[in-house]
Amino acid sequence: MMDGPRSDVGRWGGNPLQPPTTPSPEPEPEPDGRSRRGGGRSFWARCCGCCSCRNAADDDWGPEPSDSRGRGSSSGTRRPGSRGSDSRRPVSRGSGVNAAGDGTIREGMLVVNGVDLLSSRSDQNRREHHTDEYEYDELIVRRGQPFHMLLLLSRTYESSDRITLELLIGNNPEVGKGTHVIIPVGKGGSGGWKAQVVKASGQNLNLRVHTSPNAIIGKFQFTVRTQSDAGEFQLPFDPRNEIYILFNPWCPEDIVYVDHEDWRQEYVLNESGRIYYGTEAQIGERTWNYGQFDHGVLDACLYILDRRGMPYGGRGDPVNVSRVISAMVNSLDDNGVLIGNWSGDYSRGTNPSAWVGSVEILLSYLRTGYSVPYGQCWVFAGVTTTVLRCLGLATRTVTNFNSAHDTDTSLTMDIYFDENMKPLEHLNHDSVWNFHVWNDCWMKRPDLPSGFDGWQVVDATPQETSSGIFCCGPCSVESIKNGLVYMKYDTPFIFAEVNSDKVYWQRQDDGSFKIVYVEEKAIGTLIVTKAISSNMREDITYLYKHPEGSDAERKAVETAAAHGSKPNVYANRGSAEDVAMQVEAQDAVMGQDLMVSVMLINHSSSRRTVKLHLYLSVTFYTGVSGTIFKETKKEVELAPGASDRVTMPVAYKEYRPHLVDQGAMLLNVSGHVKESGQVLAKQHTFRLRTPDLSLTLLGAAVVGQECEVQIVFKNPLPVTLTNVVFRLEGSGLQRPKILNVGDIGGNETVTLRQSFVPVRPGPRQLIASLDSPQLSQVHGVIQVDVAPAPGDGGFFSDAGGDSHLGETIPMASRGGA
């Protein structure tokens, strides 16, 4: 972890440019996921409402942690979990015990000799529950929907026999908390649980089991009890009979229900997606492998809930679950999944731009218990999408361009300048991120008034604390749209991200500050996500805000601001404007020269004289700017109704020494109109584009058969790229793989080939990235249509194969520019 959440260079305004301290490894966790490290309160201890650990600010965290740990058999998540072959599991058998516990089986006793949960991926249960893609042998079902099982009995089932199914989760299962579920066969259970005999044939009994639509999600132990005139029998617990229960967007009684099949296919079942980055004018996109069905990922998701002891009784509520996930995907407070790092120094971990998916990250966390270095907003969001989709919540990854970060709850973005309109960086704690990525997940909100169901924002990037914890959401998108910042959770912060105003303050001669300009359309200018059933970009800005400048939009802003720390900010507005300013930057590729320009337009009927000042600096995508490396001053005369353009060329050699992550630059433009006193102010962010990787499939792809992909890359820079690392990942195609390829010369073209063995049929995506100290944010993707294996059900039995990390690969060929 970093020195402190506000010490990260590139993340918070006003920080010196210094390398981060290297995080010390967390202590190895115990097998149940708890850390050996003593001291400090756990996540749920800080968040619960019990008398011994209550925090007055912690009312938002839901149920008390009354499910104690420490006795009984646990059904917590095992590491690393079972492998994912699709071979038919044998019927589990056990000797069982009678009511006396002595193991004696009496004549006439109804003994359960075996159980078949019909858990194969090709069986009816998995297909009907839309869980057949999970690379697991265990039964995985969605709550509120029936499933079938077969019992192999010692004799014919009689009407006088009584059979009871039991599901248990946690170390201290209790009926009253829903952690011990008792289901009498043939009788109505409580809370929607019931079991019925479908068919009795000889010693075989076919049962249909109905789960509650409000059931706790997680991995349950399963047992069967029988009672007959000859005595009672209990089937012993068998790990092969553990049952995973997930949220169910297909069940109308589940509060996560989604009433559109195409939405469910996209937001629950799609294993890959697009994440957008860059600037509004220069949008980049990268394909992300969510991999929610990959072997081990479901165990990793449940391990996240276990890691800091989320009460099992609260795991049936998607509001609580999503809020915990938003806290645990980042490492602050609770040693969660990812360590955030915005410094530019990633020498002790992985550059956030190098990740191509969530699988490698989650499996590393599950395997070691250590937080994974490093992540930034799109990585946190990508992992959150994986976790929530895996658990059954319809979730999408959302990008907000020109995303504000309000640090003082004013609900405005305050930017301070000196008397000459030069930015005062030590005062500019608020920042506008070029883009910020979070998540929407779909659920009803019974904890809110009516009208706030549907999409809810969840943000795992650690920006500000909520109830003392670095987490954010779930927050109703509808409350954001209408400026209802008093609705929980964290609505003021998210509203400011999408719909605050940019307020420019100038220092006066007496040291005070005066508002000289308010930019009303600068924040949340475009909010996008991947479209359903395509790789196109969908504009969802209208869901978050009313049309810019409309009465409804202004009312929402002013309503929100009235609840902020500067409720009277709109009482002091600047003078009328008659000179307009437009800022542009030439679209350029990393390594090329570029041009920036400012257009001035005189809308008045009089001559105007404008003193213009341009400051150019590099900037982190978080809005934190570096040193100003070029500036230009010019006085422009404008005739009535005339316009003029001021340009500033920038050579590669001028910006190269100053480049930071994302290749972004910030142009601060300020001006003063001599005749009217009008102040002009504008901040314009742009980025240098990076090249893509070119991927080509060599031959047909068939389940279980080796095929090959070719990757081609041309270095756009005139300098050598050192310590180049490729990453390759694709659900159903390739477990996460790291390829160390050494150096690539300036303007050199390289080609490499990699083989892989598909394990699941259907359309798949193979994703690759390149990273080096000199160049990052380079990635590529190829669609791979995998044919089923001849004469097979389609699945290959090596789905749980190991990842290939740290392999050194020779180049297939090299070429010059």
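Along the chain as shown, residues are numbered 1 onward.
In case you wondered, yes, glycine gets a Cβ from its N, Cα and C as well.
Note on S74, S82: Swiss-Prot annotates phosphoserine at S82; no matching annotation appears for the rest, which is not proof of its absence. Between S92, S159, S606, Swiss-Prot assigns phosphoserine to S92; no such entry appears for the others, which is not proof they lack it. Range with Swiss-Prot annotation region 'Disordered', chosen from 268-292, 543-567, 743-767, 793-817, is 793-817. According to Swiss-Prot, of the residues S24, S772, S24 is the one noted as phosphoserine.
In the predicted model, the region 'Membrane anchorage region' (1-100) has a mean pLDDT of 43.
Each residue in S500, E520, K521, I523, G524, K545, H546, G549, R554, A556, V557 lies on the same chain as N499, D501, E548, E553 and has a C-beta within 8 Å of the C-beta centroid of that Ca(2+) site, without being one of the site residues. Here the Cβ of E553 (Ca(2+) binding site) has 19 other Cβ atoms within 10 Å, regardless of which shown protein chain they belong to. In the three-state DSSP scheme, E553 (Ca(2+) binding site) falls into the helix class. Other Cβ atoms within 10 Å of the Cβ of D501 (Ca(2+) binding site) number 22 in total over all chains. According to its DSSP assignment, E548 (Ca(2+) binding site) is coil. Around the Cβ of N499 (Ca(2+) binding site), the same chain contributes I480, G483, I523, G524, Y544, K545, E553, A556, V557, A560, each under 8 angstroms and 6 or more positions distant in sequence.
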